[in-house]
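So the structure is just underneath, and the comments pick up after that.
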Ligand code: GH3
Ligand code: MG
């Protein structure tokens, strides 16, 4: 699917011109003739990028941009301001109203497409993070305004020209701690050690700044770091190559302190936003696969991993075996020591399970006091051995209940090895039947399943 771009301009001729250029590059284009229509179209059409004219009657581009960035449904869409003016105040005002970038008319096609590609790449990453998980917590984070920079950030300025580097460092917002590096090797090291932003001077005498940017993007530790590149005015080829390499933004020499500040703030805000999404996503992924009481995997997760392991086994891979372990007379443990005492036993049980596992094995709390362990690569004899070890380890010493008391616990276990072409459901059923046999035979026992064919 091609990217959709919303073009906003009060002059029909300008709209048609941009529309034609973008359509020629296979972008999907929608249009609006004023700020109000632009906001409505952005909410409805959810474009991937907005090209916004500054000078419009009624509501101007700055105000439109501010409203777009205030609105939760359009906040994530990158905005490029387009203007005939090339005044520093206008650029800064645009950036301060939340615009992601700035282009001056007449628009140079090469620069336009490089900018568009760069912003679309960024949006793809953010969209992926936004869509992967739609938990309540995540949508809460999404609805928060991006906000001002409140806490301290760390920037590294890499320039072969020490005087220029010092000038860039002096132009940083107050809450940014800046480190100056004049050598690309130490610069890269500084970038790897916990920086939030890099300023790379592509006009540096003595080293190839574009090569350095490529290195930064290729390195897993710095791949996500925002890069602001300094270039000479009129050096469109460098600007385009830099943006295509994944540089996030460009600033021209001589560097204007106000513009530097605005661009740095935009990059840092965006990074904070992406970091927050990433952390949130990690946490909700973790929560989605973990049993909160024991810290073992949960039922849903183990079911999907079992399917995977059996599929690869059925495709000629290693064998897979499975254990189902159920604590004996757990109800009477609860009755005797209270629900809380029962929970202590469950946690202690999980600890012993984990202590006894091989690195490859996956353990889950499957239900109340029922546990499933998947053993990739293990045959029935191995599974039986592991079951017997676990049974003995549970019976070997009483469980501490946290209040000075302790409880003697035993477990019954059924184990089974997956057979050719067998389904996960069938394997679980056979292991469960073995477990019931172990219960019937007196508990504190291990039984191996019969073959599915028998
Ligand atoms: P058996 O030897 O036949 O397995 O007997 P049992 O008592 O272990 O089995 P039963 O299924 O009769 O009882 C299981 C009990 O586990 C009942 C339920 O209240 C308790 N239980 C389930 N989930 C939890 C939990 O999260 N914490 C605690 N403390 N108890 C739980
Ligand atoms: Mg039980």
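Glycine is treated like the rest: Cβ placed from N, Cα and C.
All annotation found in TrEMBL is predicted automatically rather than curated by experts.
These come from TrEMBL:
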DOMAIN    4-120  domain 'Response regulatory'
DOMAIN    154-268  domain 'Response regulatory'
DOMAIN    318-451  domain 'GGDEF'
MOD_RES   53  4-aspartylphosphate
MOD_RES   201  4-aspartylphosphate
Alpha-carbon spacing, residue 201 (4-aspartylphosphate) to residue 53 (4-aspartylphosphate), which is rounded to whole Å: 30
Where residue 53 (4-aspartylphosphate) falls in three-state DSSP terms: strand
Counts of helix, strand and coil residues, the domain 'GGDEF' (318-451), according to DSSP: 61 helix, 33 strand, 40 coil
Set of same-chain residues at least 6 away whose C-beta sits under 8 angstroms from residue 53 (4-aspartylphosphate): 8, 9, 10, 11, 14, 61, 81, 82, 83
Average model confidence [pLDDT] within the domain 'Response regulatory' (154-268): 90
